[in-house]
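Pulled from Swiss-Prot:
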BINDING   His83, His182  heme b b562 binding site
BINDING   His97, His196  heme b b566 binding site
BINDING   His201  ubiquinone binding site
TRANSMEM  33-53  transmembrane segment
TRANSMEM  77-98  transmembrane segment
TRANSMEM  113-133  transmembrane segment
TRANSMEM  178-198  transmembrane segment
TRANSMEM  226-246  transmembrane segment
TRANSMEM  288-308  transmembrane segment
TRANSMEM  320-340  transmembrane segment
TRANSMEM  347-367  transmembrane segment
Amino acid sequence: MTITRKKHPLFKIINHSFINLPTPSNISSWWNFGSLLGLCLMVQILTGLFLAMHYTSDTTTAFSSVAHICRDVNYGWLIRYMHANGASMFFICLFLHVGRGIYYGSYNMIETWNVGIVLLLTVMATAFMGYVLPWGQMSFWGATVITNLLSAIPYIGSTLVEWIWGGFSVDKPTLTRFFAFHFILPFIITALVLVHLLFLHETGSTNPTGLNSDADKIPFHPYYTIKDLLGALLLLSALMILVLFFPDALGDPDNYTPANPLNTPAHIKPEWYFLFAYAILRSIPNKLGGVLALLLSILILALMPILHTSKQRTLVFRPITQTVYWILVADLLILTWIGGQPVEYPFAIIGQAASIAYFSIIVILMPIAGIIENDIMDLN
């Protein structure tokens, strides 16, 4: 008699995805971040669900309802800070996951990569709308500044902004619809994750060498389930240290002041995980140009498969491109720092230089490095 998990219509999907999945025997801990992102998503959906039970999406009571959650609801403070800091952990895992994909040439699995880009954009949209919900100063002004960017779209821009606002400024209708979208998007993300996995399992995972590993595959369970479990334990430990010891380390003090449309904060800035894109946006003096650069900072990832010039898949045996890659990582850290600084000398000029470097590295330097390495290999 065959085991139920191999025959049952529902269980066999799980069996082929998480138990008997043939997996390369040499994948490193960099391949853990997919499962960690799944864990982050589950934590966010669960904590978000419990927060939604006590939150009110009305401008007069939103701020008070968040204070009520922290003060009066049993373990409300824990749920709230797990949700807020869980978003930070989510983005840390996302950036490392994308960074791994670039380093090991995973972008050559085009469908998986493109669904991943859509996922990244959707998670960013969800996080942005979530930041608006507590209705603090930075929530309100962040929403005003970012939604206002759509007014840069020629002809329909102003109408579009008012349509999104539901009025002539960010107000009650904006908050209500942002809450509705923030609630539904994680479920859309979950569906996209399944599509992402569907495409991944069509080709199978890559491995650090970039070579075909069909001859050396092992079952996912128990080898990688136990490895993912260790990763999950480390992630949850890091999250709980953040939540229990430094809950406000990554937040903005301005968000503990209720939203006031008559008082603009000195420095309007988004959460830390958007600072690199915000720096690119601010580094271009033209409004429409800034919006396009902001979009391109993420969408440029879709060009990675086209810009791949090397005969090798990964960067493991390519020291020149490795150097360029780590310069790109340093550049992104500089952009993140600049995004949190005021627009004045010397920050403005550093931001412009770092923005030019960001696009130049991806579009020009990495493809050239690949060609040079091909030529060096041909000489041998």
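Just so you know, glycine gets a Cβ as well, placed from its N, Cα and C.
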| remark: By a 10 Å Cβ neighbour count, the lowest-scoring of the binding-site residues His97, His201 is His201
| remark: Using a 10 Å radius on the Cβ of His196 (heme b b566 binding site), the other Cβ atoms enclosed count 21
| said: Can you work out whether the transmembrane segment (347-367) touches the transmembrane segment (226-246), with the criterion being 3+ CB pairs under 8 Å where the paired residues are 6 or more apart along the chain? | reply: no
| message | Is it true that the transmembrane segment (288-308) and the transmembrane segment (178-198) have 3 or more CB pairs under 8 Å, sequence gap of 6 or more? | response | no
| task | List only the single closest residue to His201 (ubiquinone binding site), chosen from the binding-site residues His83, His97, His182 by CA-CA distance. | result | His97
| request: May I ask for the residues of the chain that lie six or more residues beyond the transmembrane segment (113-133) and have a Cβ under 8 Å from a Cβ within it? | output: 55, 57, 62, 66, 87, 90-91, 94, 98, 101, 106-107, 139-140, 142-143, 146, 174-175, 178-179, 181-182, 185-186, 188-189, 192-193, 195-196, 199, 270-271, 273-274, 298-299, 301-302, 304-305
| field | Surrounding residues of the transmembrane segment (178-198) on its own chain - C-beta under 8 Å, 6+ positions past either end | value | 17, 37-38, 41, 44-45, 48, 52, 55, 57, 112, 115-116, 118-119, 122-123, 125-126, 129-130, 132-133, 143
